[in-house]
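Chemist: As listed in TrEMBL for this protein:
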REGION    1-72  region 'Disordered'
COMPBIAS  1-16  compositional bias 'Low complexity'
COMPBIAS  33-42  compositional bias 'Pro residues'
COMPBIAS  43-57  compositional bias 'Low complexity'
TRANSMEM  166-190  transmembrane segment
TRANSMEM  197-217  transmembrane segment
TRANSMEM  223-242  transmembrane segment
TRANSMEM  254-273  transmembrane segment
TRANSMEM  279-301  transmembrane segment
TRANSMEM  313-332  transmembrane segment
TRANSMEM  344-363  transmembrane segment
TRANSMEM  403-420  transmembrane segment
Amino acid sequence: RPPVLTFPFTTSLTTVTRREAPLAPPESSSCLPPTPGAPPMSSPSLPSVRLPLRPSPAAATTPLSRRGAPVRSLAASPAPAVALKPLVSKAPASGSYRSALLLHRRRYALPETAVSEPTPKVTKEYQDWDSLTGKFAGSANVPFLLLQLPQIILNYRNLVDGNKTALFAVPWLGMLTGLLGNLALVSYFAKKRETEAVIVQTLGVISTYVVIVQLAMAESMPFPQFVATSAVVGAGLVLNLLNYIGWLPETLWLLWEDFTTIGGLTVLPQVMWSTFVPVIPSSILPGIICGSLAVAAVAMARMGKLSEGGTKFVGSLSGWTATLLFMWMPVAQMWTNYLNPSNIEGLSAFSMLLSMIGNALMIPRSVFIRDLMWFTGSIWACALQGWGNLACMYCCNSISREFFFATTFGLLLWLGFTFGRDTDAYGHSSPMDSLKELIFGK
């Protein structure tokens with residue numbers, strides 16, 4: 001049988017403040033008697049741990065202490081040692097016993113069972129791409145700031161000239177969906193602390209609201225809908241600002257999130273239905289049905305009646321609803337162009353180009369942080385609100401061939417650059433790896 005080196009737990013610990021009854025040793029063992037001449041301890045002695053060593057001739061005669069000096073063999077003591085396995089003991093240990101055992105374990109460098117997870121290697125390409133995507137998202141403020149200016153100027157000239165019918169080329173339903181989508185995305189990006197995206201969406205809300213004011217002045221948008229939109233926009237901007245700076249109570253923010261979820265799920269199907277009213281009959285049934293389902297889902301989530309997955313799904317509805325509202329804006333515009341091709345003269349090609357550029361600048365950041373919702377809204381706006389409307393204008397001979405094909409080539413080149421740099425930053429072998437991580441997760 002190999003020799004045993006015993007470390008008694010007799011060190012005075014300042015962390016043990018309560019006096020507890022010593023643990024009962026197994027029936028086949030007995031506790032170590034106090035060493036003669038040792039000072040009395042204020043706290044009870046704890047059991048010892050026996051660590052078996054590899055047998056050797058030297059260990060049989062002169063065991064060594066932890067510092068390497070020869071000591072008297074504890075195995076030769078007249079009282080037998082106690083063999084305990086405190087880490088696998090079936091009896092529940094008290095708080096003081098666990099504290100003392102943990103301290104003793106650190107003291108004698110016993111092996112730890114927990115293994116830390118490896119930290120992913122951050123390369124220089126990764127850091128450069130992270131910084132560059134943030135700058136791209138910040139620079140998107142410029143085209144989005146100028147996005148509505150040509151349309152606003154054109155609408156102003158038509159209003160001054162008394163040509164109100166020209167403003168009917170801009171569908172107020174499409175502008176409303178884009179406005180509500182931007183307002184809800186302000187809340188989404190504020191929670192993610194993406195400051196650049198928050199500023200972009202806020203500027204989108206303000207500029208789009210100016211266009212809606214012009215449409216209301218031209219009587220293209222009904223006055224009751226305009227009043228309701230103004231109230232929602234004002235309340236939404238104030239609440240998001242207070243929440244971003246930390247001045248809004250959590251209860252009010254939860255109410256606002258519930259309102260955006262219910263409102264989005266009510267407005268989205270109604271707007272989608274109303275877009276095709278010339279073809280299908282007018283009805284408010286889609287909004288009523290989806291709004292009722294949204295109220296029931298939010299109420300069940302707040303009362304804890306849903307599973308964890310169901311609660312997460314309801315919580316993500318506001319963000320995805322905002323994205324779908326934003327994505328429906330170019331669909332309504334293209335449908336209006338299809339029904340009334342002559343109204344395309346009221347559109348500004350420069351506004352469509354700015355929309356495509358602004359959303360394209362947001363794509364690299366959405367790909368880098370693997371935000372599928374953000375990427376979906378940005379790529380959709382590039383493809384339809386920007387390039388799609390330009391394609392309609394090209395088919396109606398409103399823009400030149402050179403202008404249209406130059407923007408098409410530039411968009412494809414930008415997408416290739418985005419996924420190429422992202423592949424290098426993450427160390428992938430193909431851009432498809434980045435696309436798979438974006439869609440399905442890592």
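Glycine too: its Cβ is placed from the backbone N, Cα and C atoms.
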Chemist: Who are the long-range neighbours of the transmembrane segment (223-242) in its own chain, taking Cβ under 8 Å and residues 6 or more past its ends?
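Modeler: That would be 172, 176, 179-180, 183, 186-187, 190, 198, 202, 205, 209, 212-213, 216, 248, 252-253, 256, 260, 263.
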Chemist: Any contact between the transmembrane segment (344-363) and the transmembrane segment (254-273), i.e. 3 or more CB pairs below 8 Å with pairs at least 6 residues apart?
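Modeler: Checked: the transmembrane segment (344-363) vs the transmembrane segment (254-273), no contact.
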Chemist: Go through 166-190, 254-273, 279-301, 403-420 and flag the stretch with the largest number of C-beta pairs under 8 Å relative to the transmembrane segment (313-332).
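Modeler: Going through each listed stretch, the top one turns out to be 166-190.
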Chemist: The transmembrane segment (279-301) and the transmembrane segment (166-190): do they have three or more Cβ pairs under 8 Å, with pairs 6 or more apart in sequence?
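Modeler: In this chain the transmembrane segment (166-190) does not contact the transmembrane segment (279-301) - fewer than 3 Cβ pairs sit under 8 Å.
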Chemist: At a threshold of under 8 Å on Cβ distances, which of 197-217, 254-273, 403-420 pairs most often with the transmembrane segment (279-301)?
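Modeler: The listed stretch sharing the most Cβ pairs with the transmembrane segment (279-301) is 254-273.
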